[in-house]
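Report on the following structure.
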Amino acid sequence: MENKAMYLHTVSDCDTSSICEDSFDGRSLSKLNLCEDGPCHKRRASICCTQLGSLSALKHAVLGLYLLVFLILVGIFILAVSRPRSSPDDLKALTRNVNRLNESFRDLQLRLLQAPLQADLTEQVWKVQDALQNQSDSLLALAGAVQRLEGALWGLQAQAVQTEQAVALLRDRTGQQSDTAQLELYQLQVESNSSQLLLRRHAGLLDGLARRVGILGEELADVGGVLRGLNHSLSYDVALHRTRLQDLRVLVSNASEDTRRLRLAHVGMELQLKQELAMLNAVTEDLRLKDWEHSIALRNISLAKGPPGPKGDQGDEGKEGRPGIPGLPGLRGLPGERGTPGLPGPKGDDGKLGATGPMGMRGFKGDRGPKGEKGEKGDRAGDASGVEAPMMIRLVNGSGPHEGRVEVYHDRRWGTVCDDGWDKKDGDVVCRMLGFRGVEEVYRTARFGQGTGRIWMDDVACKGTEETIFRCSFSKWGVTNCGHAEDASVTCNRH
């Protein structure tokens, strides 16, 4: 190292701009060249500061510098930990600079501690100055790295804020889309259930219409047979009447011709009768005169009966009369009554139950319905064998106790029965529970009105031999995919 003349100043000789009062930073490290550039050099160039160059003061200055750098590093680490993670390259560069700075301070401390008390102070000061100059460069590089790291941290923080905002916006949009999708799914489920109900109702109506059309077809076939018979008989009667009318027309024409001839004969006979009457009148007058004369002559003559005269000759045979008019044929008799229908054939075997369809998606929980009216007071408890059926099942909204909507009692509440798989076997069990002989008809689709409250039973499948409907096969209590538009009903046989 180049030897330089070094003049030390005393503490009292230094003014306000000396190293004694200036703040210590990386740019003022050159002030350790104490007697070279200071203002005391102008005043007293030949006097040195013997007290400032002491080794203890130098150690205290180095320790203060070390403590200051340590505090700066602690603040940098706290800032780095409290902010988002920076890039790996910047962190590696910062770590290398900190390690190098620590090693430099450690070497400096070891040198100061191991330096002899009587060594060349000037040589040691120059070494310390070079070390501090190197540390100043390292601190400047470290400050630049820290500034770059701080800029990167601020950029990362801004990006993190933007990312959080984008994530929050995406979360809100996702939540809105999820709510919208759930609402649309619920609406689709409601529409699907309504469509299924309508399809079942229309299927029932179509079945009834098909049965009515079949009955109407049979009635039309019967009417067609009757009409064909009437048409045949009427055609025969019309032909017969046409023939009779033709005969009557011929007879009328013949009768009119005979009438004309009779009229002519009558006119001639009338003239002849007039002439004969005139002649008869004249003869009668002559006979009257002669009779008067004879009567006078015969008064004096006694009358005596003479012998019979001879038999006269046989008269001529009269002309043969005309044949009479043929009589009209009698009317055709009415067709006989329709025969009685034959005995009905034996009832066919019931078909096999179809396979159970897949269970649909469970719908959303509906709103709680209004509180129902207070039910009627039940009968007093008694023998279980005689009270179980009336207390556990009833028929509602019918014209009498023999018909209505089927309701069962469970969990201290009345509920309805779904009509899925509802048939006469199930109705027989219900009617026997109520004391009737059997079922007359079973109904679906809420024939006697829709119920309220829970639907306790669904997919009921009785064999027809059970004592109660609760021994039949059905889904669990309250487990159903039906609505009250599918409540089951029965009409029991009262006879």
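Heads up, the Cβ atoms here are built off N, Cα and C, so glycines get one too.
Swiss-Prot has this to say about the protein:
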- 91-111: coiled coil (COILED)
- 313-322: compositional bias 'Basic and acidic residues' (COMPBIAS)
- 323-341: compositional bias 'Low complexity' (COMPBIAS)
- 364-382: compositional bias 'Basic and acidic residues' (COMPBIAS)
- Cys418-Cys482: disulfide bond (DISULFID)
- Cys431-Cys492: disulfide bond (DISULFID)
- Cys462-Cys472: disulfide bond (DISULFID)
- 305-357: domain 'Collagen-like' (DOMAIN)
- 393-493: domain 'SRCR' (DOMAIN)
- Asn102: N-linked glycosylation site (CARBOHYD)
- Asn134: N-linked glycosylation site (CARBOHYD)
- Asn193: N-linked glycosylation site (CARBOHYD)
- Asn231: N-linked glycosylation site (CARBOHYD)
- Asn254: N-linked glycosylation site (CARBOHYD)
- Asn397: N-linked glycosylation site (CARBOHYD)
- 301-386: region 'Disordered' (REGION)
- 1-60: topological domain 'Cytoplasmic' (TOPO_DOM)
- 82-495: topological domain 'Extracellular' (TOPO_DOM)
- Item | Secondary structure of Asn134 (N-linked glycosylation site) (DSSP, helix/strand/coil) | helix
- Message: Roughly how many Å lie between the Cα atoms of Cys418 (disulfide bond) and Cys462 (disulfide bond), rounded to a whole value?
- Response: 14
- Query: Are there any residues in the same chain, six or more apart in sequence, whose C-beta is under 8 angstroms from the C-beta of Cys431 (disulfide bond), and if so which?
  - Reply: Arg437, Gly438, Val439, Val490, Cys492, Asn493
- In DSSP terms, helix, strand or coil for Cys492 (disulfide bond)? strand
- Query: What same-chain residues lie close to the compositional bias 'Basic and acidic residues' (313-322): Cβ under 8 Å, and 6 or more beyond its ends?
  - Reply: none
- Query: Where does Cys462 (disulfide bond) sit by DSSP, helix, strand or coil?
  - Reply: coil
- What does DSSP assign Cys418 (disulfide bond), in three states? strand
- Query: Average pLDDT across the topological domain 'Cytoplasmic' (1-60)?
  - Reply: 41
- Query: Do you know the DSSP helix, strand and coil residue counts for the domain 'Collagen-like' (305-357)?
  - Reply: 0 helix, 0 strand, 53 coil
- Cα nearest Asn397 (N-linked glycosylation site) among recorded positions (Asn193, Cys462, Cys482) -> Cys482
- Query: Near Cys482 (disulfide bond), which of the recorded positions Asn134, Asn193, Asn231, Asn254, Cys462, Cys472 can be found within 10 Å, Cα to Cα?
  - Reply: Asn193
- Note on the structure: Of the glycosylation sites Asn134, Asn193, Asn231, Asn254, the one whose Cα sits nearest to the Cα of Cys462 (disulfide bond) is Asn193
